[in-house]
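Features reported for this protein in TrEMBL:
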DNA_BIND  A:22-41  DNA-binding region
DOMAIN    A:70-261  domain 'BPL/LPL catalytic'
BINDING   A:Gln117, A:Lys188  biotin binding site
Amino acid sequence: MESTRNKLIDILNVHKNSFISGQQLSNQLNISRTAVWKHMRELEKDGYVIEAAPRKGYRIVESPKKVSSNTIHWGLQTKWLGKEVVHKHRVPSTQTVAHQQALNGSSHGTVVIADQQTKGKGRLNRKWYSENDDGVWMSVVLRPNIPPNQAPQLTLLAATVLANVLTKLKIPEVGIKWPNDILIGDKKVAGILTEMQAEHDQIHYLVLGIGLNVNQSSDTFPDEVKDIATSLKLASNQSYSIRQLIQDILFEFEKSYDVYMSDGFTSIKQNWERFGYKMGEKVAINSGNRTWTATLHGIEADGSLLVSNDDGSHERLYSAEINWKGGNVVEE
Amino acid sequence: MLKIEEIHELIKRIDESSIDEFTFESNGTKVSVKKNKQEATLASPVQVQAQAPVPTQVQEQPVTKPQETNNQVDENVNSEQQVNYDYEIVSPMVGTFYSAPSPDKDDYVKIGDKVSADTVVCIVEAMKLFNEIEADVNGEVVEVLVESGELVEYGQPLYRVKKM
């Protein structure tokens, strides 16, 4: 049933500007014309607008705006990412749902999407404000066959994926704050939170969460984050289809992930550096029990942050608080 | 970079002296020597390890966070009391160690807690990837070696466990 409907969508998408007759569809899908008609009714329920003209047949007039596992699935041009989509209207956090999925054996590439999160997670259980339908709130289950100490590179990879998608939409001034916050100008538009379960030498799974502000207006944000958060709409005066954005992100993510798995981190690093925020500038750093100022240089081959200290020495940082605030993250 | 002969000479001199530990830094290379320890933690994949006379261990690694390393050495020396353990939970990566899910929550585990293989004992964060570390053995936590917020190295012991 599901696969017939996928084929139907694919055929209709190919014939986007022309009609295709019920008889042709019935032949190609090997189902009755009545069954074709029933499928069309189901598509309409999911938000497709379909024009049916006598003696001409059917065509898609409008793809659905609403997000469901079906509408994400249909038209998604990926090979393994998002083959399983779990969509919820309102959950505490897609991270939590994705963890449960992973523990229950969900396959590599399973995607969890919610319209709203009541307890969106930032790092260290800080809150990510996402109690609205205006963003992409999504978590992906990955089971990469790489050593756990390489896994942080995936969070940088995810950042480049988002930066590339936004750049293709002609969003100006896209930047990546090390390691993986996405900025427009100096304001945070997206955050990435990755949680991993691993043994010393083997990854069980990781859950990579993406929160992207899309159609929020300035009054959507609570006061605490108003000055530091932005959305695609605020940056471009346009609204975007959440469904389309999710598909764009998944497609771009799969492409980058496959390149990373076959060729390593080099091309991801180059891409990251195109977007690197405040490179060459001096910032205050807190790492471990130490606070100091240093100049940001770039990232190393393993994704760590390279800084030069005032005494001329260089350091690689794997974990640091850098004094630049941003995003929907509210400290609780 | 020190030559291996120089490291040997260094070890010999320190071995004969009353110095318990010694740290030397130059050109991005750091050598720490300490006496009377059971094991050394080795961090960098390109480390040069000198085979020292048995009671002395050498550790050489790029200087990433000298202070933390020193603190850790101090702690190890201070907690010299004999603790009966047969397993160490080590960090799978370089990063920040967190003993609790967030600053206002209780620690995942404390001394005396029973753990099983899949018990989450702490988080190590690197590049905003939060790695939930599992115990990997059934046993009792007998020693916590690192404080929350400290930087840890690849392979650094975090907890000692008495297997059951």
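Note: Cβ is positioned from N, Cα and C throughout, glycine not excepted.
Automated prediction, rather than curation, is the source of TrEMBL annotations.
The average per-residue pLDDT of the prediction over the domain 'BPL/LPL catalytic' (A:70-261) is 94, rounded to a whole number. Sequence-distant contacts of the DNA-binding region (A:22-41) (same chain, six or more residues past either end, CB-CB distance under 8 Å): 4-5, 7-8, 11, 50, 52, 57-58. DSSP assignment over the DNA-binding region (A:22-41) gives 17 helix, 0 strand, 3 coil.
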